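Copied over from TrEMBL:
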SIGNAL    A:1-21  signal peptide
DOMAIN    A:53-177  domain 'Corticotropin-releasing factor binding protein N-terminal'
DISULFID  A:C60-A:C81  disulfide bond
DISULFID  A:C104-A:C141  disulfide bond
DISULFID  A:C183-A:C205  disulfide bond
DOMAIN    A:185-307  domain 'Corticotropin-releasing factor binding protein C-terminal'
DISULFID  A:C237-A:C264  disulfide bond
DISULFID  A:C277-A:C318  disulfide bond
Amino acid sequence: MSVTFRVQIYFFLICLSALKGQSRYLEDNDITQDGMFSILNSEIKRGLSERLLYRRPLRCIDMLTMEGQFTFTADHPQLHCAVFFIGEPQEIISIEYSSVNIDCNGGDFIKAFDGWIMKGETFPSSLDHPLPIYERYIDYCETGRLRQAVRSSQNVAMLFFRIHTPGSGFTVTIKKISNPFPCNVISQTPEGSFTMIIPHQHRNCSFSIIYPVEIKISELTLGHFNDLQVKKPVTGCGRAGDFVELLGGSGVDPSKMFPVADLCYSFNGPAEMKIGCDNTVVRMVSSGRFVNRVVFEYRLLERPELEKQKGNSVEDFCYSTD
Amino acid sequence: MKLYLLVSASVLLVAFLPRHECRAIESLGAVHSGPDDQSDLYQQSLPILVRLGEEYFIRLGSANQKAPPSTLNSSPGASSATINRALQVQLTQRLLQGNVGSVNRFLSSYGDQKEDAVEKGKRSEEPPISLDLTFHLLREVLEMARAEQLAQQAHSNRRMMEIIGK
């Protein structure tokens, strides 16, 4: 039977089943008699989403991991407030302002920051982010009326605000948007696994774990060509070519952390490394010529393991700053 | 004929003269926007901080202010601050002097370059707004937020089942 004839037969069969109305059976569900119908009712659907929208007051210093609506009202002058946002690795954060009642001319401000900034150090680092640091702040007082919603480039963001007048405040609605190829990520948990893929992009990506962990790399593919290209070996490490580096440090900025290991060649099979620093980063440097991929797991180092680590001179730099 | 030739030659010369004044402005801009200036100023600026059990402060001072950090007289017997206490603490700090400057986008190209250089210079003098938090406190706040998320997810699932069940 020729391919064309087979395609025609399949098309005919699909049309036949559609015309017979096989799809109608999906709507008639024995489990819930009204069930899907009542769910599909637009009024109930609207009520559902309204009722399920999480709401709570926003604190001056706060951390938010979920979607919802958060309202800050100053009961006294609040001059130094900051909120962290963090999502899953495959999400980016959307911040939408509403009911903003602040006095921009009186010194109040609300500034969203694309990333996290702590002790002057940023994640992603200024080397890994397309914008210079001052352009990563978006001031509501300057752009608010034109730009009611702000979106982050990765799974973390921050909000800084200052309100002088009691009774003033604002509301933010936080939404998470799917990001199919996450680049810079901060992990919410000390344990987990992740696959970082940089497909033909000239960029550097970091996965940060703000705990001392053991990293187990199960697969590293560098310099993978498609079938049409001739495979060439990756030029080695030493800051040339594509590679993966493991970093450890006591800040959030990967560019200020210490390289613990460089991985320059593709391999399969677990390679384990314990990094007893406050922050552990797996960073991939990609030239854009290849599709690079690293698959790894990580788990928290327990106290006995950390005690053992302290005796190891390789990671003394992590403890010297404490 | 000769007059026409002279006029057209002079027009061409004026049109293709090199503009040395633009290069001077570019080099001036480069001086103000060097990343090394920013990192040096970060190192020089003293954090204005208050220590309350856990290390927790917001750095909002400008590079020119040399005042020593202020500290609260917390009681010696104070236990390491719980998260709730840290969140309720009142910080006393000096205000950031001047906001990050707004960019005037409506000047001519010459004015734009010079104005941007001046704005970049002003911004590079002010350290960026940053929150100074230890990793220990950051992890505790993160774990609290995750616990809140799990509780909310359970509550949401329960409500969804109630609604669907009606």
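If you go along the chain as it appears here, the first residue is 1 and each next one adds 1.
Backbone N, Cα and C define each Cβ position, glycine as well.
On a predicted model such as this, the values are computed, not experimentally measured, just so you know.
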- Could you tell me how many residues in the domain 'Corticotropin-releasing factor binding protein C-terminal' (A:185-307) are helical, how many are strand and how many are coil under DSSP? 8 helix, 67 strand, 48 coil
- Message: If you count other C-beta atoms within 10 angstroms, which of the disulfide-bonded residues A:C60, A:C183, A:C205 is the most crowded?
- Response: A:C205
- Task: Tell me, roughly as an integer, the mean pLDDT over the domain 'Corticotropin-releasing factor binding protein C-terminal' (A:185-307).
- Result: 86
- Using C-alpha positions only, work out which of the disulfide-bonded residues A:C60, A:C183, A:C205, A:C264 is nearest to A:C277 (disulfide bond). A:C205
- Task: Work out, from DSSP, the number of helix, strand and coil residues along the domain 'Corticotropin-releasing factor binding protein N-terminal' (A:53-177).
- Result: 11 helix, 67 strand, 47 coil
- Note on the structure: One should report the C-alpha separation between A:C264 (disulfide bond) and A:C183 (disulfide bond), rounded to whole angstrom, as 19
- Quick note, A:C141 (disulfide bond) and A:C60 (disulfide bond): C-alpha atoms separated, nearest Å, by 19
- Quick one: Cα separation, A:C205 (disulfide bond) versus A:C60 (disulfide bond), in Å? 31
- Message: Just to verify a number: CA distance, A:C81 (disulfide bond) to A:C104 (disulfide bond), in angstrom, no decimals.
- Response: 16
- When a 10 Å sphere is centred on the Cβ of A:C81 (disulfide bond), how many other Cβ atoms does it contain? 21
